Structures are given as C-alpha cells and as structure tokens.
Amino acid sequence: QSGLETWDRILILTICAAGIGGTFQYGYNISIINAPASYIQMFMNTTWLERTGVPLESNVILLLWSFTVSAYPLGGLTGAVVAGPMAIMLGRKTSLLLNNVFVIIAATLSGFSRMAKSFEMIMLSRFFTGMNAGVSMNIQPMYLAESAPKKLRGAVALTSASFTALGLVLGQVVGLRELLGGEENWPFLLASNVVPALIQLTALPWFPESPRYLLIDRGDKESCTSALQKLRGTSDLSAELEEMLAEQAAVKGQRAKNPWELFQNPALRWQLVSIVVLSSAMQLCGNDSMYFYAAYVFQEAGIPQDKIPYVVIGTGSCELITSVTCVRHSMHSVPSLVFRWSLWLMACIFAYILSFGIGPAGVTGVLPTEVFDQMSRPAAYMICGSLLWFNLFLVGTAFPFIVKSLAHFCYIPFLVVCVCTALYVWFFLPETKGKSFLEISEEFRKRNFRTKTRAGFYKGPEEIKTTTL
C-alpha cells in the first residue's frame, strides 16, 4: 500500500509540475490582459503624446490595442509550429523547461515597459507569452499522457484543461482592483506570469522524462525502465514494457513524421479528420468569446459596473469546477451552480461554459496522443495547435461583426458548429477509454481501409472449367 501511495504521489506531483508552467499559463495570460485594458490604452496615448506632441485618435488607439491583443494568438500559432520539432529533438520534459524562457523574456518586457515608455514592449511581450502557451498546449498533454498508466491516461491528460481553467480564475482574481488590477500596478500584473515559470523551473527537473519518448524515440530501454520505476513505484512493469516494445517494433525504421506527411498517408485519414474537426470546434464553438465579451454582456444584463469583475470570475470558476469534476468522474452537483443566478442570460452563459468544461476543454488535448503513434504524434499536435490558435484569432476578430450582423442571434453559428461536431463524434469517433495505443491504432486501421478489406474477400475463380458458351 505504501508503494502505491508513493507512485501516486509522484504522478500527482509530476502533473502539478508540468501544469503550473504549462497550460496554466495559457489560461492565466488570457485573463490578466482584460483588467488593465483601459490603463494600457491610456499609456499608449500618453507615450505617443510625449514622443510627438500630438495625441492619438481613438480609432488609432483601438488599432494599437487590437495589435496588442492579436499578438497573443500569433505567438501561440508560432509556438504550436515549433512545439513538434522541440518535442522530437529535446524531449517532452526538456521542451517544457526551455519553454519558460519565452515567459521570462515576456515578463521582463512588460514589467519594464512603463519605465522605458514603450508600448511596443507590451506587444512584443504578448507575442512571447503566446509562444509559451502555444508550446505548452501541445507538449504538456503529450508528456502527461505518455507518462500515465493506461487506466489513468485519460484522467491525467484531462488535468491540462483543469490547469487552464485554474489559470483563468487566478488571472481574474489577481486582476481585481484590490490586488494588481489598479492603474499603478498593471506592469506588475502583466509580469506576474514569471512566477509559475520559476515554480516549474524549480520543480519539474526532479521528475522523469516521458518513458515512451525514452524507449521509442531514443531507444534507451534503461532510462525508460528507470523512469517507469519512478512513476509506477516497485510494481510489475513487464506488461507495460511489453506494450511499449510492441509499439517500438511497429514503428521500427520509421522517423518522426512532418505535418504534411500525415495528410498524404491514407492510414491516418480518419485520425487526421478527427483532430481537425475537434481542434477547430474547440474555438469555433464560441466559448472564448464568452470570456472576451462577458463583461459587456453582464453590463447589458443590468449588473452594476463595480460588481462585474467579481461576476466574471464566476465564468472561469465554472470551467474550473467542471474540468476538475471530469477528472474525478463525478458530475452530479455541478449543474446546480448555474441556477443560483437570477437572470436567464447569466444562467445561459454559465451553462455554456459548464458544457465546454465537461467535454471539449479536456478531450481535445488528449485525442492526438491516443489516436496517433509515437512517430506521428508531434506532427499531429502541430496541426492541432495551429488550428486552435488560428481559430482563436478568427473568432476574436470576427465576433464583433457577427454581433453587429445577427444581434441577439449571434450564437446561432456557434450552435451549428456544436451540433455538427457532436454528430461527428457520435457517429465516427471510436471510444478510446481503457485501450492501448496499438489497440486504438488497429481500430482506426480497420476504419481507414474498410473498403479495401471488403474488396479483399473476392479471390476470383479457383479453376476455369471451360470457355464454351
């Protein structure tokens, strides 16, 4: 029992060390930019006035602010592209550690931006912050899913969504006026993302690299066994090692694939379609527009202006509660939170975010790990991450125009996306729970080559008896 408790504790600490500097940063850096928005725009105007003697027009300030906001998904897209090569060449754990360099650069730029009287430093810092999030959103689920035992793989990988939601909530809390959300403290608020980075740099080196990466990519069986012993304790490792060796044999002689090679491989057709559909739907379902425009919606619902920041915290709390509850496999008490609110509009927003936390927030990050083999997995995450960040940029840019065109029906396009995605998952995506990576690959192989398999049953006539009509 004590051995079981030891490896449980090590696995939990590994999850925390990876998450605090990983997907936590994605959620945290999405939310901390909202509180100081007006102060940063004032800083832009004041800085330009000191430089040129002429104040900026309101539309120019809005344009500069849009550049600042869009730098984050642009950096995320860049990070998603470099995450694959980093994971292959450096390993999963080392990539997560090196990824903190981007946050340290970003925190330095934003922390000294007011002192240097340069709003361009804020834009650049948001780009580096996005790069950090883009890398971590790809590599952290891969690292955790490859390190977890088969029976816990889904639950462990789902913790990436929990850390994202935790980052959202803490970013909203730290952004309150009483903490770092005031006019004097906004540079410290933007630079506060260095704290999780320093925690990860201190904690993660004590935990092992992904055992699958060590064995299948590096061919280092001794290091793989050592990593498994740290993660699993003294329990029998023969079954898990046998499964890894079988996967190693299946990809023997292959090299890590590039993203475009996945599109050319018919054996990966349905896997690729699945991650494209789900990665796109994760942003096109409209959940992030809830975060971007929740303050405006709550204001229209009649919530007092000084209470809105506290109500907005509830949106992040909803996703945090559902993502944590998904990991614990207990969903019974969560929906009751929604109906404590008196306004139907608020109830709809909270219900929408609750449903996002139950499904897409966690499952999308796990899927590429489960449906692709070791050689295809980094490239699959590059595709997945690129789609996620591109669609985040697309939704953030297009949503104001959708609202202007459709008014109260602005969420109809998102409803269509949700329904179509649900139908695809129901009819085309096989269940992966409790299955080994090879078992999942075999199920997709049957699906990808179903037509050829059926045609293969015809053997032709065994003997031609006569040619007479």
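Any Cβ shown, glycine's included, is placed from N, Cα and C.
Remember, TrEMBL labels are computer predictions, not curated facts.
Positions annotated as domain 'Major facilitator superfamily (MFS) profile' by TrEMBL: 15-433. What TrEMBL records for 12-40, 60-84, 96-116, 155-174, 186-207, 338-359, 379-402, 409-429 is transmembrane segment.
Among residues of the same chain six or more beyond the transmembrane segment (409-429), those with a C-beta under 8 A of the stretch's C-beta atoms are 270, 273-274, 277-278, 281, 284-286, 289, 399, 402-403.
A Cβ distance under 8 Å defines the sequence-distant neighbours of the transmembrane segment (96-116), meaning residues of its chain 6+ beyond its ends; these are 18, 21-22, 25, 43, 79, 86, 90, 122, 124-129, 131-132, 135-136, 139-140, 143, 187-188, 190-194, 196-198, 200-201, 204-205. Highest Cβ contact count with the transmembrane segment (12-40) among the listed stretches 60-84, 186-207, 379-402 falls to 186-207 (criterion: pairs under 8 Å). Tertiary proximity for the transmembrane segment (60-84) is limited to same-chain residues at least six positions away from its ends with a CB under 8 Å from its CB atoms, namely 29-30, 33, 37, 40-41, 44-45, 95, 99, 102, 119, 122-124, 126-139, 259, 378-379, 381-382, 384-386, 388-390, 392-393, 396-397.
Sequence-remote contacts of a segment are chain residues at least 6 beyond its ends whose Cβ falls under 8 Å from one of its Cβ atoms, and for the transmembrane segment (186-207) they are 10, 13-14, 16-18, 20-22, 24-25, 28-29, 32-33, 35-36, 39-40, 93, 96-97, 100, 103-104, 106-108, 110-115, 122, 125, 129, 132, 174-175, 180, 230.
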